[in-house]
Amino acid sequence: MNQSYITIFFRTLFVISMTAGSIAAAYYSFPLTYPFLIALILSSVIHPVVDYLDKVTGFPRTINVLGVLAFFLLAAFGVLTILVAEIVTGTAYLAKTLPPHISTFISYCEKLFTTHIQPLYNELTLLFQELETNQQASIVTHIQTLGDSAAKNAGLLLSHILEMIPRFFALLPNTAAVLIFSLLATFFMTKDWHKLKAMLVLILPDRVTANSKAISSELKKAMTGFIKAQAVLVFITMVIVFIGLSLLKVEHAATIAFLIGLVDLLPYLGAGSVFVPWILYLSITGQLPQAIGIGILYLVVLIQRQLTEPKILSKSIGIDPLATLIALFAGFKLFGFLGLIAGPAVLVIIQAFITTGALKEIWSYITVQQK
């Protein structure tokens, strides 16, 4: 066999093995390294600010890093305080307005029982009495089976809910530890950013350093674009919801629009977690015009999200809209709602490798081409 083909085969095998090994190592080490990955992301965000303060203030870098971290912590605490205040205000509003609605709902259930369920029960009882003995026994057996199954499922659901309570409290110390380690790692990474960068330049080959720098720049640009795109999408959702609720004369339209915009960011929940129960409640309590109005508003939010998300994402991260749409669909089919984030992220990484010429470098290595 030709020597070059053997070399190509083994180099291809080496590249595939290294790629698979890197993915496996990243996957299995993630539970141990994710606080430091968070720190790396935070450090990459704040170090330009620290560099600017180094030039302007002339203070030691340690003081500038502490100042920037303190500012970000205070900003996060401020946002959290505002959210808690909004939740408290909303809870007080619900405590004032819910009792009459609950009373209306109970009255509706009583009316439904007396006008529909009880007559239906009487009719079914008459039909049951007209059946033969073996048919009655069969129906009773099926009802008992359904009852046992429902009781079993209800017990399992209750046990899962009760198990989640100690798990939640057990997560609090771990969350606090992760937060502390992430902040400490962010401080040290940012303080020694240039030293660590120089150390990596000395350790890694020039070609790897150049490609890594280019890929990092592309990924940073894409990440910034992704955050901007999400901010734009949330803002559009908030504006549409605010206008719709204002037209429907719903109280606290601004607060509700703000909360729906934030919930719309969550992959598993989305705006539907607010709209769907709201529409059901309005329908049950007989407020059909309001329910139809909220339903139309929900459809408008859904349609605008589906139409604008691929276009805004593609424009922000510099990827073709069709490729973005394919990535969103493939990610959703493979990984569910989390795939809506994972799909574009993988596409961004592939795009970064193509743009920076890293794939070309790998291909040149495999095909034994000299540069």
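Any Cβ shown, glycine's included, is placed from N, Cα and C.
Residues annotated as transmembrane segment in Swiss-Prot, with sequence analysis given as evidence: 6-26 (among others). Residues 362, 365-368 of the same chain, all 6+ positions outside the transmembrane segment (6-26), place their C-beta atoms under 8 angstroms from a C-beta of that stretch.
Beyond the ends of the transmembrane segment (30-50), by six or more residues, the same chain brings 61, 64-65, 68-69, 72, 178, 181-186, 189-190, 193, 220 to within a C-beta distance below 8 angstroms of the stretch. Feature annotation from Swiss-Prot assigns transmembrane segment to 30-50 (among others).
Here Swiss-Prot flags 65-85 (among others) as transmembrane segment.
Per Swiss-Prot, the feature transmembrane segment maps to 168-188 (among others); the stated evidence is sequence analysis.
The transmembrane segment annotation in Swiss-Prot covers 225-245 (among others), and the record cites sequence analysis as its basis.
Residues or ranges marked as transmembrane segment by Swiss-Prot: 256-276 (among others).
Per Swiss-Prot, the feature transmembrane segment maps to 283-303 (among others). Within its own chain, the transmembrane segment (283-303) is flanked in space by residues 101, 104-105, 108, 237, 240-241, 244-245, 247-248, 260, 264, 271-272, 275-276, which lie at least six positions past its ends and keep a Cβ under 8 Å from the stretch.
Residues 221-222, 225-226, 228-229, 232-233, 338-344, 346-348, 351 of the same chain lie 6 or more positions beyond the ends of the transmembrane segment (312-332) yet place their CB under 8 Å from a CB of it. Per Swiss-Prot, the feature transmembrane segment maps to 312-332 (among others).
What Swiss-Prot lists as transmembrane segment is 334-354 (among others), and the listing cites sequence analysis.
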